[in-house]
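Single-structure report; data block below.
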Amino acid sequence: MDAHSSAKINARKRRKEAPGPNGATEEDGIPSKVQRYGVGLRQPAPFSDEIEVDLSKPYVRVTMEEARKGTPCERPVRVYADGIFDLFHSGHARALMQAKNLFPNTYLIVGVCSDELTHNFKGFTVMNENERYDAVQHCRYVDEVVRNAPWTLTPEFLAEHRVRNWASDTWPSFPLLGMFAPTQRTEGISTSDIITRIVRDYDVYARRNLQRGYTAKELNVSFINEKKYHLQERVDKVKKKVKDVEEKSKEFVQKVEEKSIDLIQKWEEKSREFIGSFLEMFGPEGALKHMLKEGKGRMLQAISPKQSPSSSPTRERSPSPSFRWPFSGKTSPPSSPANLSRHKAAAYDISEDEED
């Protein structure tokens, strides 16, 4: 049997014998995972007064060692956290996430104080108690919600809800006998910070809601402030338009500059080519000068006659015969000396004409 097939068989045996997920054992150093019990991941968490509790079975609190190691699915570790949760934000969710992750199998119970308690001990809230209950119900880490939770915890309340640990970012006012589990606050986010931002930028949010259709009466804004906000809104629109025009003009000028630079560069390149071509044609040693020289030489060669060789014999002129009329059959009688001279002159003229 080869090593590959033996490794497959060992892996199969390991999966069957190993107690942990994916064939993991304690020797591998991978902690076994336990499925969390709760319905908060699929639907809103139920209220505590709507859950039926079987009181016939006595509740035995698990030890800290058992809780950290992991309990069975049907017996999760019950952890309690409470708060006001006004304007529910990520800081609240992170605190509940820390409480949920205290143990491998945690059942998180969250108590939310009522409006009456909160207004008496802390101050006015933005959201009413029903809105705050609903916000906590839809947090994915919450398994159960306690309405009208007490402002101060008592051992009776913890025993009633079978709480194993209390998770909070503030230390308790009385000893909880090893039940307290501290959590960390999220820096930079809180309900007070959010309210401070709104109060600081009140005019901005008032104008925002007026634009969205809220009336001045609903926003508790006076008539003068309402007109002021509308005027500011118009001024801001004009400023925005001017800013848009400036940006567009800057973009246009930038494009024109880029195109002009490209045209100048192209013109410089073309001008260099034009100047070079001009010099090649009309320069001191250009093609036109050579063409003129060649044309001039051809013209001179065509105009000048060809010279006869000096060694050729000279051609003697033969005397031209005397002119005779073709119709005269007879010879003319001898003439007088004057007529003879005239006749010779005429014969000479005729011979010259013939030669020409």
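Glycine too: its Cβ is placed from the backbone N, Cα and C atoms.
Worth saying up front: this structure is predicted, and the values here are computed from it rather than measured.
Of the candidate ranges 4-31, 228-255, TrEMBL annotates residues 228-255 with the feature coiled coil. Here the domain 'Cytidyltransferase-like' (80-197) has, by DSSP, the following mix of helix, strand and coil residues: 40 helix, 22 strand, 56 coil. Predicted-model confidence for the domain 'Cytidyltransferase-like' (80-197) is 92, expressed as mean pLDDT.
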